[in-house]
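Record features (Swiss-Prot):
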- 1-52: topological domain 'Extracellular' (TOPO_DOM)
- 1-43: region 'Disordered' (REGION)
- ASN27: N-linked glycosylation site (CARBOHYD)
- 53-76: transmembrane segment (TRANSMEM)
- 77-88: topological domain 'Cytoplasmic' (TOPO_DOM)
- 89-110: transmembrane segment (TRANSMEM)
- 111-125: topological domain 'Extracellular' (TOPO_DOM)
- CYS124-CYS203: disulfide bond (DISULFID)
- 126-147: transmembrane segment (TRANSMEM)
- 148-168: topological domain 'Cytoplasmic' (TOPO_DOM)
- 169-190: transmembrane segment (TRANSMEM)
- 191-218: topological domain 'Extracellular' (TOPO_DOM)
- ASN196: N-linked glycosylation site (CARBOHYD)
- 219-239: transmembrane segment (TRANSMEM)
- 240-293: topological domain 'Cytoplasmic' (TOPO_DOM)
- 294-313: transmembrane segment (TRANSMEM)
- 314-331: topological domain 'Extracellular' (TOPO_DOM)
- 332-351: transmembrane segment (TRANSMEM)
- 352-418: topological domain 'Cytoplasmic' (TOPO_DOM)
- CYS365: S-palmitoyl cysteine (LIPID)
- CYS366: S-palmitoyl cysteine (LIPID)
- 377-410: region 'Disordered' (REGION)
- 383-399: compositional bias 'Polar residues' (COMPBIAS)
- SER404: phosphoserine (MOD_RES)
Amino acid sequence: MRLSAGPDAGPSGNSSPWWPLATGAGNTSREAEALGEGNGPPRDVRNEELAKLEIAVLAVTFAVAVLGNSSVLLALHRTPRKTSRMHLFIRHLSLADLAVAFFQVLPQMCWDITYRFRGPDWLCRVVKHLQVFGMFASAYMLVVMTADRYIAVCHPLKTLQQPARRSRLMIAAAWVLSFVLSTPQYFVFSMIEVNNVTKARDCWATFIQPWGSRAYVTWMTGGIFVAPVVILGTCYGFICYNIWCNVRGKTASRQSKGAEQAGVAFQKGFLLAPCVSSVKSISRAKIRTVKMTFVIVTAYIVCWAPFFIIQMWSVWDPMSVWTESENPTITITALLGSLNSCCNPWIYMFFSGHLLQDCVQSFPCCQNMKEKFNKEDTDSMSRRQTFYSNNRSPTNSTGMWKDSPKSSKSIKFIPVST
């Protein structure tokens, strides 16, 4: 992308425009020559092998993200069970991942295919806005989901006070805040001339002040990654502490009650069977959702941390020069971040067994295969039952008993408890 330090400043950027945040500071002389600013002839060049790899990975990422998140939404729609708050958050997080797939991955793949952005200035600004909007929405949906788990675990009484209304307000706030915080893209990016000789135009970033790129990348990194990670870490710190205190208290209470009950039971001559507590069951369900949310947050951090680290390094380290050979590092970190939208659906299905079953049953071909397998299992079970009943029938067993050398008195019928 291009950085402009003033009216006469030349373009600067990586050898290819990429992704929502990249400002591309630090052009080399070879890149300036390619843009028509050096002594050599102007040429539009890029690493074609890297571009083909990026296009292939983006295509696979888009297909897997759309298939996985659409399956989750379809399964949630068809599930006969009562929709819980967690299902509501999963639905909107899947919608946010679909926004990343359609508004970030798909436009970037088309852009890489054409090399230069093909469209008017307003479309350039809209595409850049929607690319960052998906990233904000995915991050903030994780924040509100974790906040809901924090309230459920640490303040369970508040979950009885209109929980559905509070959850919907949190989700609506996440969507609105994501849309508002991504609007600076309209003022940063535009269609500008990137080649002084060929007059080639592209959708690049423009900054009036030299420190504009640092402020922009720092703001986006803080809003999309640092602030959400700090909030997520704080919430999970309180959640883990509360669960630890809860488990320790239950263990001590169970041991004291067990000792008292064992003494009374020993005196009366019988043993009391332990009863199952409903509080314990609810706690296990909450812990399972907390584990699922923790895995989703971990996947988000692992996928996006390299991208934001590279971006911050490129604008804050004065000694960093992103040469053409180092561009694969930027591309690979960006592709790793886009894979996050593919991971979440499988995490949902792993922690929700019925969700995977409902997802499989949503496809007609899978339903036909399931009915076929069920029919085969039923026929096989019927044949086994028929064979067993024939061998145990009175007509066959009478003849065998008569021919037996042993006396019938030796046969003892032992009652079987049912």
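Every residue, even glycine, has its Cβ placed from backbone N, Cα and C.
Separating the Cα atoms of CYS203 (disulfide bond) and ASN196 (N-linked glycosylation site) is a whole-number distance of 15 Å. Secondary structure of the topological domain 'Cytoplasmic' (148-168) per DSSP (helix as H, G, I; strand as E, B; remaining residues coil): 18 helix, 0 strand, 3 coil.
Residues of the topological domain 'Extracellular' (191-218) grouped by DSSP class, helix first, strand second and coil last, total 7 helix, 8 strand, 13 coil. Cα of ASN196 (N-linked glycosylation site) to Cα of CYS124 (disulfide bond): a distance of 20 Å. Proximity of the transmembrane segment (332-351) to the transmembrane segment (89-110) is established through 3 or more Cβ-Cβ distances under 8 Å for residue pairs spaced 6 or more apart. Other Cβ atoms within 10 Å of the Cβ of ASN196 (N-linked glycosylation site), summed over all protein chains shown, number 13. Cβ atoms under 8 Å from those of the topological domain 'Cytoplasmic' (148-168) belong to residues 85-86, 88-89, 235, 238-239, 242-243, 286, 289-290, 293 of the same chain, restricted to positions at least 6 beyond its ends. For the topological domain 'Extracellular' (111-125), residue counts in helix, strand and coil come to 9 helix, 0 strand, 6 coil, using DSSP. Cβ-based neighbour count (10 Å, all protein chains) for CYS203 (disulfide bond) stands at 23.
Around CYS124 (disulfide bond), the same-chain residues six or more apart in sequence whose CB sits under 8 Å from its CB are PHE117, PHE189, SER190, MET191, CYS203, listed in sequence order.
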